[in-house]
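What follows is one structure encoded as C-alpha cells, with my remarks underneath.
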2 protein chains.
Amino acid sequence: MTTVLVVNSGSSSLKYQLLDDAEQVLASGLVERIGGAGSIRHRGPGGEVTVDADVPDHRAALALMMRTCTEHGPQLAPDVVGHRVVHGGARFSAPVVVDDEVEAAVEELATLAPLHNPPGLLGIRAARATFPGVPQVAVFDTAFHATIPPEASTYAIDAGLAAERGIRRYGFHGTSHEYVSQEAARFLGHAGRFVVLHLGNGASACAVSGGRSVATSMGLTPLEGLVMGTRGGDLDPGALLHLLRTGMSVDEVDTLLNRRSGLAGLTGTGDLRDVLAAAEGGDERAELALDVYAHRIRGYVGAYLAHLGGLDALVFTAGVGENSPEVRARVVEGLGHLGPTLDPARNEARGRGARLVSPDDAAVPVLVVPTDEELQIARHALAVTAG
Amino acid sequence: MTTVLVVNSGSSSLKYQLLDDAEQVLASGLVERIGGAGSIRHRGPGGEVTVDADVPDHRAALALMMRTCTEHGPQLAPDVVGHRVVHGGARFSAPVVVDDEVEAAVEELATLAPLHNPPGLLGIRAARATFPGVPQVAVFDTAFHATIPPEASTYAIDAGLAAERGIRRYGFHGTSHEYVSQEAARFLGHAGRFVVLHLGNGASACAVSGGRSVATSMGLTPLEGLVMGTRGGDLDPGALLHLLRTGMSVDEVDTLLNRRSGLAGLTGTGDLRDVLAAAEGGDERAELALDVYAHRIRGYVGAYLAHLGGLDALVFTAGVGENSPEVRARVVEGLGHLGPTLDPARNEARGRGARLVSPDDAAVPVLVVPTDEELQIARHALAVTAG
Ligand SMILES: Nc1ncnc2c1ncn2[C@@H]1O[C@H](COP(=O)(O)OP(=O)(O)O)[C@@H](O)[C@H]1O
Ligand SMILES: Nc1ncnc2c1ncn2[C@@H]1O[C@H](COP(=O)(O)OP(=O)(O)O)[C@@H](O)[C@H]1O
C-alpha cells in the first residue's frame, strides 16, 4: 500500500493528513501554537486525541506528529509527502518534486508572498529533514491558474516594470478550484463552463472552461477580488494613494488591507456566521456587509459569464459556500435572468457530497461541491512521483 | 435670448462654450498654456481665429476670451456660467449655484481629487471675478452617480476609517454618462437598462437603469476600472504594497498609476489610434494591450448585466467609443451570447448623431451616441437658475 502524507504548513500551525492510494484518510491532525507551548490534535484509527507539548519549531511539530502516530496509530512511513505552497510565481505551473534548487526558488518567491510562502518553506524543510529519501512534492495554489490567457493575467501598468518585478495576476485557491471543478464535471458528466465560488475566510471566484482556469479574482496577491473575512478584495488603487498621502504608513495600510477590511472591517467580525446572526438581529452594518459581499460575487459571476461565452454551472464551495444556504440565496437571487436559480428545499437541506441545489430544470444548475485540498494535493503528489 | 457660458478649466488650459437657450453653440474655444506665453483658439460666427498672448493665470485666460469675443464676436454677456467640477464628494449630488460656502467646500474636496479639483476652482474664481452678479453653477462629474446603491459604492474596508476619510465609490464622467444615457433613451424611445461605455483618454463604464446610475467603474478617484490612455484601472491593492515594499516611493507609485500605466504603460503610447496602427503592423505588445483593453470592458459589461437584471442597450461614446469601429468590434465580439451584436456595415459607417450599429433584430441594440458634456452642463446651469 502506497501512502501520502499531506502537509499544509502555516506560520504557527501545521495541518497534516495521511492518505492511501485508494484515497482513504488514515489519519489527520493539526499542530498549533508552533514556537512555544503548543499542542497536537490527532485523529487516527483509535479516534481523536489531543496532547500538549513544547513545539519550538516546524521540525518539532513533525516530530510530535511522528510520536503521536507511533503511540496512537497509524504507523507513519509515507512513500511521498505533498506540500501546499501558496505562491509558485511564473515559474511553477505544475506540481514539482522538491530539490535544493526548487526550495531556493520557493524561498525567492517570498518577495511576492511574504505572508504565505515562508511558512510553506518551513514545512518543506522540516519534512525533508524528517523523512530523508522520501520524495517531497510542492503543490502550488497558483498552478491551476497558469492557463489564464494574457489578456486576463496582465495588469495595465508599465510593462517593463511588471516583467522585472513579476507583477501579473497569478491567482490562488487553485488546488481547490481544480478539485471542485473536476468534481463538478464528474457530477454533471461533462467539463463545461463553470464559475466556481470558493467562499471561506479567503474567497475567490474562478472561471473554468473545459477543465482549465481562464480567469480568477485573486491577483498578484490574495488581496484582490471578492470580499473576505478580513480582506476587502477590489479597491481603487487611488484609495491607497489617498491613505498614504493623508498620513498612513505602508505598514498601516498593509494592516488595514489584510486585517481591518472585508467583513471584519465592515462589521467588526470576519466570521460570516456572526455577520448573519447580527443581520438577523437587525444590525444594519451587518446587512450592508452581506449586501456588499453578495453584490461583489454577482458582479464576478456576470463578468465570467461574459468571458466564458456561456455558463453550464455555478458551483459553491468552502466554509461559507458549503454551509450557508442564506449566502447562496443572497448570491443567486438576482442572477435568475442569467440562468442560475435555487430550489429552496435543496438549498436548505444539509448534505455531505457534491449536490444539486437548483431545480432539475434550472437553465444553469447550481451545485454545492465540498472542497478537499488535501486530497487534491495527495493526488498530485502521487501522480508526480508515479511518472 | 438667454445665453450660458460653459467653462471647463484644467490646470493649464481652459475650454469654453457659449450656448443659447435653444442649445445652439454661439462660440467655443480653448485657451492653452496658462501660466506663461499662451494662446487662444476661438471659433465664433466669423470662423476660427488663433491669437498668441501672455496668459499669466486663469483670470487672464477669461480676459483673453472676453477680448477675443469683443473683437471677433459674438458679444459675451452670459446670463449664467456653468462650470465643470470633477469631484463633488458626498456633499454635492446635484448641480449647485456657487457662493463662498460652496467654493470653500469644493476647495476642501481637493484632498480627494488633488489633480482635478484645484483647476476647476481656479475657473470658478476667475469667472466670479470676471462676471460679477452672474450666477455661477458648479456641475459635478460625480453627481450623476449619487444614485448608486450602498452595496455598489461601499468598499469593504474599515467602516470607521472610510467614513472619516470619505472613502467610497463616487464615480466620474457623470455628466457624460447622464447625457449619453438620456440621448440613448430618446433614440430608443425608452429609458431601460443600459451599459454606457465612455472610452476617451479617461474611460469608464456605467450601468444605468431607468435613467439612474446604479454602478460605475471609476471609484474614489478616476484611477479605478477600465484600461485608459495612461491609467491602468483595476489593480490588486497588494501590487501597490509590493511596489512600496520593494523600493518605490509613494510619488513614484503615483506617477506609475497616473502616467505610466494603461495603454501607455503597455505600449509606450496612450493614444489609441497609435496602438491600433502598431497592432496592424504586427506589434505584439500593441495587440496584447488591445486584448487587455477589450477584455476588461467585456468583464464590466457582464458584471453590469448581472446587476441590471437584463440589458436593453450597449452604448459607446467619447473619442474611442465614437470613432473606432475596430475597438467596438473587439469589445462586442465575444459578447454575442449576451445579446449585443454589431452590423459590420453600420459599425464602419461614419456618422454624426446617435446611431444604431447593431442589426435591426439584435437581441440587445448597440448604439454610438456622441457625448456633449458642455451641452449637458449648459442644461443643468439653465435648469438650476430657472427655478
Ligand atoms: N454554517 C455556516 N454558515 C455560514 N458560514 C459558515 C458556516 N460554517 C462555516 N462558515 C464560515 O466559513 C468560513 C471559514 O471557511 P473555511 O473554508 O473553513 O476557511 P479557510 O479559508 O480558512 O479554509 C468562516 O467565515 C465561517 O464563518
Ligand atoms: N478614429 C479614432 N480611432 C481610434 N481612436 C480614436 C479615434 N479618434 C480619437 N480617438 C481616441 O480618443 C481618445 C481621446 O478621446 P476623448 O474623448 O477626446 O478624450 P478625453 O477623455 O480627453 O475627453 C484618444 O486616445 C484618441 O486616440
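Including glycine, each Cβ sits where the backbone N, Cα and C put it.
Just so it is clear, the model here is predicted, and its values are computed rather than measured.
Per TrEMBL, ATP binding site is recorded for A:Lys15, A:His198, A:Leu199, A:Gly200, A:Asn201, A:Gly202, A:Asp271, A:Leu272, A:Arg273, A:Gly319, A:Val320, A:Gly321, A:Glu322, A:Asn323. Annotation source TrEMBL lists substrate binding site at A:Arg84. Look at TrEMBL and you will find A:Asp141 tagged as active site, proton donor/acceptor. The site 'Transition state stabilizer' feature in TrEMBL is assigned to A:His173, A:Arg231.
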Neighbourhood of ligand 1 - recorded positions from A:Lys15, A:Asp141, A:His173, A:Asn201, A:Asp271, A:Val320 with Cβ under 6 Å: A:Asn201, A:Asp271, A:Val320
Residue among recorded positions A:Arg84, A:Asp141, A:His173, A:Arg231 with Cα closest to the Cα of A:Glu322 (ATP binding site): A:His173
Residue pair A:Asp271 (ATP binding site), A:Arg231 (site 'Transition state stabilizer') - Cα distance, angstrom, rounded: 12
Collapsed DSSP category at A:Lys15 (ATP binding site): strand
Nearest of the recorded positions (A:Lys15, A:His173, A:Asn201, A:Arg231, A:Arg273) to A:Asp141 (active site, proton donor/acceptor) - Cα to Cα: A:His173
Helix, strand or coil at A:Glu322 (ATP binding site) [DSSP, three-state]: helix
Distance from A:His173 (site 'Transition state stabilizer') back to A:Val320 (ATP binding site), taken between C-alpha atoms, in Å: 15
A:Asn201 (ATP binding site) as reference: those recorded positions from A:Arg84, A:His173, A:Arg231 with C-alpha within 10 Å of it: A:Arg231
Spatial separation of A:His173 (site 'Transition state stabilizer') from A:Arg273 (ATP binding site) - C-alpha basis, Å: 22
A:Leu199 (ATP binding site) and A:Arg231 (site 'Transition state stabilizer'), distance between Cα atoms, whole Å: 12
Maximum Cα-Cα separation (Å), residues A:Lys15, A:His198, A:Leu199, A:Gly200, A:Asn201, A:Gly202, A:Asp271, A:Leu272, A:Arg273, A:Gly319, A:Val320, A:Gly321, A:Glu322, A:Asn323 listed as binding ATP: 23
Rounded Cα-Cα span from A:Lys15 (ATP binding site) to A:Arg84 (substrate binding site), Å: 10
Secondary structure at A:Arg84 (substrate binding site), reduced by DSSP to three states: strand
Cβ neighbours of A:Asp271 (ATP binding site) where a neighbour is any other Cβ within 10 Å: 15
Between A:His173 (site 'Transition state stabilizer') and A:Lys15 (ATP binding site): CA-CA distance (Å): 16
Residue with minimal Cβ packing [other Cβ atoms within 10 Å] among the recorded positions A:Asp141, A:Glu322: A:Glu322
